[in-house]
Amino acid sequence: MTKKSKGGKEDKTAIETKSKSVSGKSQKQKKPVEKEEELIQESGTDSDYDGDSLSGSLNSDDFDSDIFESEDDVTQGGTEEDGGDGESSQDELLDHEGSIDSEDGDDGSEQIDSDNIEEEDGSDEASDRDEAVEESDSSEDEVAPRNTVGDVPLNWYKDEKHIGYDITGKKITKKERQDKLDSFLASMDDSKNWRKIIDDYNDEEVELTKEESKMVRRLLKGQAPHADFDPYADYVDWFKWTDAIHPLSSAPEPKRRFIPSIWEAKKVVKLVRRIRMGLIKVKKPEEEPEEGPVPYLLWDALTSDQKNKHLTYIPPPKLKLPGHEESYNPSLEYIPTEEEKASYELMFEEDRPKLIPTRFTCLRSIPAYENALKESFERCLDLYLCPRIRKKRINIDPESLKPKLPSRKDLRPYPNSCYLEYKGHTGAVTSISTDSSGQWIASGSTDGSVRIWEVETGRCLKVWQFDEAIKFVAWNPLSSLPVLAIAMGRDLFFLNTELGNDEEQEVIKEMFHSGNIPEPEASVAAIVTWLSDELYGGIKIRHFKNISSIDWHRKGDYLSTVMASGETRGVVLHQLSKKKTQRLPFKIRGLPVCTLFHPSLSYIFVATRKDVRVYNLLKTGLATKKLETGMREISSMAIHPGGDNLIVGSKEGKMCWFDMDLSSKPYKTLKNHPKDITNVAVHRSYPLFASCSEDSTAYVFHGKVYNDLNQNPLIVPLEILRGHSIKGGVLDCKFHPRQPWLFTAGADSIIKLYCH
């Protein structure tokens, strides 16, 4: 072994002196060394060995071939001075190589005579050993000393300061462990701290290498430790079948293979006796059912007792016996004349006789019967389809089958009579809308005028005149923002109603200032254009298609616009405060009819002609729910204030109630109107909803939704409101926000208020 340190020669002389002392020992002293060597081999590559309390260590790495090649000089020098004594084992020599590390320190002799040193100097020895390892270039010196506790339960030393004893009987002190705070800080500072584990037997912290961590992962997955191991290797047939000269076994067949077994015969006799005594029960083989249906007599399936009772048994229908008409030689009075035969052709097939009598002179001239096969088939049908059991009829009162509904008196208040009429429009009133306070109502007509009425008095407060027919009007839901949205043709107007206080008017004027309109985005530039309305001082949004419906968001800043002919671009959202327009973040399937915002969540309901889809505005993608109406074409919809129930009206006079927590199909389908339903409405606070139709009527219903999910909603029809002219019908209906009142707008240019 070559040394780069200054004390290389001294190390060599120390090894020679140690080898001489080892050769003089007796054979009895070799036995504990051999036992120690067996313990080292059992513990594997990570086992420890401390010899005579020296600072050197011994493990499986010390037996590598490259180490022995580098230590040839030391081992040869030791054997020459021993005088050729070959009985000294190499393990004993390696056991005392730790003296090399001790001599590299300040005082080697003090470390050899360590029996007189106290246990408290364990920390000083550890520091000396670390310095010796740093100074030495040998591969053995780089390995830290390890504990040699052996196969001893560690719980014996749980409450002690030491972890065991070495070979010389000296206590091995425990190392100080980090507390939880220090270990947490170390894990945050060191990214490789998760690889460090505590070796309890050696009382040291070991860092796993990448190869070891990969091996652990493979073991946890139930795979082989080494990646290059193939558990499904191809089978190698090592036997040479073609070149075999001699058979595998040429022994003759034994005689017992040709003679019946005596012991088997005795066993069979024993089993037969137990079966005869009844101790063993043999299962009878089950009969396999025949393939195909088992034929049976259809009319003889009932027992004779049932036939005798004559209560439920019906005998099979009997064939009609042949009469004079079926005779081959009937009397002359039964043979019809030519006029009678012509009259048979004019009769219905049911009244026409099935057989016309014909006369034959002899049996040989009688032909085969034409309807023989047909009558046989009809006979089989009579036997098959005729009832065979008489069922008793249960007398049930039809009134008892009707559901028990509460009395209408118990469901008051609800609108039942016309209290006030608002007259002033010259054309059909197409849309109405009430403000959040319930004091004012706005209406739009085909004459191009928009009017604001006082609800309690019927006084017309304000009038705006436009060139086109008004399609839709909607009041902003915020009381602090009295803005009215008006849809006509391709234009959407936002008008200031001037009903708020001075502060609210200043906010509205600042919002409607024309200089605050930004440039539209490229994705919506071809769909809408924001303009200023110089005539009434508002804002105008021009769309690329005609507007059919609008709806305000509950916060009063967003407004949805529906263009029925816009297809995938038919629904857009406008933000009034920022004067910004954006498309929906999902693709609409079908032609849109109308939209609704959820009263409390960020959902939007988009109704196409046949379905209603619910989309989440915060997520892009498919619809969260699809409601199947089963109608021909949807005309309108309204949502319950709770948000879990939806009412959909159609152009075939049907109205569907959806309980979205229950199913995606209608809970109830109401067929009341004979003509198209124009609009449906739900009251904000009272359990009321209504529908209006082109038949000039409005139906009022009681619809109560319970907090108990196990109880279905209660739907009771209350009143049919009439009063509008038959021509055109009722085009719109809205509830008062606070009172149980209903407003209806008719094609006769009159708005009616119905109260309780």
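Note that Cβ sites are derived from N, Cα and C of the backbone, with glycine treated the same way.
The feature compositional bias 'Basic and acidic residues' is assigned by TrEMBL to 7-19.
The compositional bias 'Acidic residues' annotation in TrEMBL covers 35-51 (among others).
Look at TrEMBL and you will find 61-92 (among others) tagged as compositional bias 'Acidic residues'.
According to TrEMBL, the compositional bias 'Acidic residues' annotation covers 100-142 (among others).
Under the heading domain 'BOP1 N-terminal', TrEMBL lists 157-415. Within the model, the domain 'BOP1 N-terminal' (157-415) carries an average pLDDT of 82.
Annotation source TrEMBL lists region 'Disordered' at 1-155.
Packing against the repeat 'WD' (422-463) from elsewhere in the chain are residues 469-479, 482, 484, 486, 488, 495, 497-499, 728, 731-739, 743, 745-753: each is 6 or more residues past its ends and has a CB under 8 Å from a CB in it. Taken from TrEMBL, the feature repeat 'WD' applies to 422-463.
Across the range of the repeat 'WD' (422-463), the DSSP-based residue counts are 0 helix, 24 strand, 18 coil.
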